[in-house]
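**Q** For 1-296, the entry in Swiss-Prot reads region 'Active repression domain'. Swiss-Prot lists 25-45 with the feature motif 'Nuclear localization signal', giving experimental evidence as the kind of evidence. The region 'Disordered' annotation in Swiss-Prot covers 27-87, 132-163, 414-437. Annotation source Swiss-Prot lists SUMO2 cross-link at Lys68, Lys500, Lys666, Lys674, citing a large-scale study or a structure entry. If you look up Swiss-Prot, you'll see 142-163 marked as compositional bias 'Low complexity'. Taken from Swiss-Prot, the feature DNA-binding region covers 296-388. The feature compositional bias 'Polar residues' is assigned by Swiss-Prot to 414-431. The domain 'R3H' annotation in Swiss-Prot covers 600-664.
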Amino acid sequence: MEKILQMAEGIDIGEMPSYDLVLSKPSKGQKRHLSTCDGQNPPKKQAGSKFHARPRFEPVHFVASSSKDERQEDPYGPQTKEVNEQTHFASMPRDIYQDYTQDSFSIQDGNSQYCDSSGFILTKDQPVTANMYFDSGNPAPSTTSQQANSQSTPEPSPSQTFPESVVAEKQYFIEKLTATIWKNLSNPEMTSGSDKINYTYMLTRCIQACKTNPEYIYAPLKEIPPADIPKNKKLLTDGYACEVRCQNIYLTTGYAGSKNGSRDRATELAVKLLQKRIEVRVVRRKFKHTFGEDLVVCQIGMSSYEFPPALKPPEDLVVLGKDASGQPIFNASAKHWTNFVITENANDAIGILNNSASFNKMSIEYKYEMMPNRTWRCRVFLQDHCLAEGYGTKKTSKHAAADEALKILQKTQPTYPSVKSSQCHTGSSPRGSGKKKDIKDLVVYENSSNPVCTLNDTAQFNRMTVEYVYERMTGLRWKCKVILESEVIAEAVGVKKTVKYEAAGEAVKTLKKTQPTVINNLKKGAVEDVISRNEIQGRSAEEAYKQQIKEDNIGNQLLRKMGWTGGGLGKSGEGIREPISVKEQHKREGLGLDVERVNKIAKRDIEQIIRNYARSESHTDLTFSRELTNDERKQIHQIAQKYGLKSKSHGVGHDRYLVVGRKRRKEDLLDQLKQEGQVGHYELVMPQAN
């Protein structure tokens, strides 16, 4: 007891008028009452703290020892720990601090004997151990504090949206995902080969290993209120925010100038978060102007108030069960199976049912049963309602049951009106002008072997609009109509995935019978008259060779006196024939660093070629070689724009080349093609008379 009093001497805990455990400050003229554990000598008055203002109450953390050896292990005593705790409290948020103080008082309430003025916790039955901490971040708290916390800490109110069973199931999934992350990090294939880890690939691979898929939700920063954007991200005005979720559990949010950048940033933060000690919590998050409960992953011991606003509506987060694939069902019991809408965006019946169930937010399940004749029976359940069944092997029975279920659902579907496609290609002519263009003036522009691309390029070349209109037929068959300037050109019937291609092909064939066709042969075969790198560099060499040495040059006179009569240097004339050209060095680089720039093309040479073409009357486009780099093609684009020319790159990778040409009107190009038959890589094919 004497050791404890010596350690507690001079500790000031401040004023706490709102708690009964701490005595209020005595009025003037009255002596301060001593507690029962103060002894005979009153504590000495201690000078003010050198650090910062203390909070109104702070728990006292001390180290008690029963021997001199234990005292020698901590030579600085409790003063050092008191300073560390003051720094810890200063950096804690206010809400965490209030919870901290409430837990500390709960600990005091759970013990029968303590010193009310000094704040020490004293027990009779259990000895005081060394290094006792009340911080929740300590990995090994004392048994007494654990019991006190379990008795006095109020349990959080249960969530009405997410039951405890759902939270426990999500916690198990996150633990499984965390173990998968650590396993992949130890895999040399994931980290070797490049200095930077592909976090998006790693997270997707780990989540798919847990038999589910990640969910990415994007939102433009312009649609997010400035107050909801982090302070360090307010410089981004045209960027995107990406929220990463998995099984409806919020992981992280990333911000960047593009969608892919925000996704990569969010996945990087998610992988780093999953490497820590984490847990699944139910917190209230802001969505636009409302608040709702959400499942989040946060680090153990950290507060949950720093989460950014949600990008997914709260009504889409209600989880009440799982489907056959393990995916969550969103408010599934509220819908009846007769309201099921089929979205035929797959080739087989199983894919159509699964995609339609995800679209309708309903549950679909396949149940198998072994029959006495060693065959399997598969039954399809939609919203716990048995639709159909199939027999055969385990694989064929599922397909048979899905086919029967799809036929039953198609009979219950309402009669849908014609569904217009959203593809509409418009030229630069104003649509609101009210002038309807005649199909007789149309010119087919063929730039690709794909009929859909040809039809879209034709509409853009003639400044017309093209639409694709779908109509549901019987079964899985659809009818697609091609409408050009409100006039039906062609139609086709087939599967929805391929019917558009077939209808566009019929439309192109119909138009070619009556309309002229302009064929762009640029992408077909090798391109002639290509400007190579050596040809561009040759212009600089020609200018250098123009610097001929005159007869009165001192070097020339010395060579003449030594017997040089012209040509190459040396006894047999095997040396250089032309004098060394003077090369300008504009930057502050040394001569040794100029080796890498030998093959670079000068900008003035490119500009000279394009300037000569712009001033000429040539109608043939300039085609630059595939040898040019991206930076060199970028310079050509800039120079072509400067002289009012159009430029476009074609090809992919090493086969990419650039074409510079004049801006031509459709009428001018047709007139030239009618006169000459072929202009550059353009060719005119007139319709053949029947």
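Each Cβ is built from the backbone N, Cα and C atoms, and glycine gets one as well.
A quick note: this is a predicted structure, and the numbers were derived from the prediction, not measured.
Quick one: how deep are these features, and who are their neighbours?
**A** Secondary structure at Lys500 (SUMO2 cross-link), taken from DSSP and collapsed to helix, strand or coil, is helix. Taking all protein chains in view, 20 other C-beta atoms sit within 10 angstroms of the C-beta of Lys500 (SUMO2 cross-link).
The number of other Cβ atoms within 10 Å of the Cβ belonging to Lys666 (SUMO2 cross-link), over all protein chains shown, comes to 15.
Under the three-state DSSP scheme, Lys674 (SUMO2 cross-link) falls in the helix class.
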**Q** Using the alpha carbons only, what distance in Å do you get between Lys666 (SUMO2 cross-link) and Lys500 (SUMO2 cross-link) once rounded?
**A** 28
**Q** Over all shown protein chains, what is the count of other CB atoms within 10 A of the CB belonging to Lys674 (SUMO2 cross-link)?
**A** 11
**Q** Rounded to the nearest angstrom, how far is the Cα of Lys674 (SUMO2 cross-link) from the Cα of Lys500 (SUMO2 cross-link)?
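**A** Spelling it out, the Cα of Lys500 (SUMO2 cross-link) and the Cα of Lys674 (SUMO2 cross-link) are 33 Å apart.
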